[in-house]
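Worksheet: one structure, shown below.
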Amino acid sequence: MTDNRPVIGITMGDPVGIGPEIIVSALDDPFVYTVCRPLVLGDEGVMERAIDLKSARMDVHTTDTPAGGKYCHGTMDIVPLSRLDAATLLAGHPTPGTGKAMIDYITTGVDLAMDGKIQAIATCPITKTAMKLAGSKFHGHTELIADRTHTPRVAMMMAGDRLRVVLVTIHIPLCEVSARLNQAEILATISLTSETLKTKFGIPEPRIAVAGLNPHGGEDGMFGSEELEIIAPAVEQARSKGITVSGPFPPDTLFFNAANHKFDAVVCMYHDQGLIPFKMIHFSDGVNTTLGLPIIRTSVDHGTAYDIAWRGTADPSSLIAAIKMAALQATITGANRINR
């Protein structure tokens, strides 16, 4: 009988962070197996140690290919990509070896997705420190995956049931935001948001709101001119392309309306403008998904949590949500391909 559940590659993340234990907790939830076939890309010994930590009733089944998985609750299918000495790993203390391993998990997942052998990847957290120890030139998942897939433009969306936010600028100092904003970048982010909501979220006519930058949306230029000179023209240009978009709106009122389903996504000018309201609502179950990639990639919206790693107390809610979203997007994009 044909199994239509998408195969979701779950990258283990930093071995000395909370990734391994939240994977065990997530795969201990029978519901995960109703929406997908989860395949761990990581280290067999580390995952066995995490299973022991959580006292989970779970067997480990290794396979060299996604086709060899069993995909049934109570069995963790894993493609073993490293052979770390699990007994000697110190929680919160990355090494060049753990850094290289976590990069291998990511690149293997990307390659499998690009080859169509899995339908999506859901990534567990990593750190810039571990990547640097491994000699990587990249600072995080997004840059690494964009480079691996030869993708020139990507954007970060934080998504939950009540709110979705997409960022124009991401990890830059607040004092540099205004200088970095331009009409082309804002237009590209709006366009990418619209296309993703259609193709990966199944929203045929997405409603997009755009946040202003300054207090009260600049108050007709009294508190800043970015709304008049940069943001509003980008919104008008997006509208002329047939995108249902409005704004710029003062952020202090915008997010109330967005969280009450008046918009399908909000395009934000900088990191904290979007993430503060998002995490107020979706602190435990938010998902980070990368827009613009030729593959589906979702991720937890938290870090490695070195301070609580390997204590068995980490909350798996965000990973479960990321797996569910990856499965949903895989199902929607698969249907889109069939209908074309």
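Every residue gets a Cβ built from N, Cα and C, even glycine.
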Out of Asn260, Asn288, Swiss-Prot lists as part of the substrate site with His141, Thr142, Lys279, Arg297 the residue Asn288
Cross-ref Swiss-Prot: divalent metal cation site His171, His216; candidate in list His150, His261, His271 matching that site is His271
The binding-site residues listed are His141, Thr142, Lys279, Asn288, Arg297; by CA-CA distance, the one closest to His216 (divalent metal cation binding site) is Lys279
CA pair Lys279 (substrate binding site) / His271 (divalent metal cation binding site), Å rounded to integer, equals 12
Out of His141, His171, Arg297, the listed binding-site residues, fewest other Cβ atoms within 10 Å surround the Cβ of His171
For His271 (divalent metal cation binding site), the same-chain residues 6+ apart in sequence with C-beta under 8 angstroms from its C-beta are Leu167, Thr169, Ile170, His171, Ile172
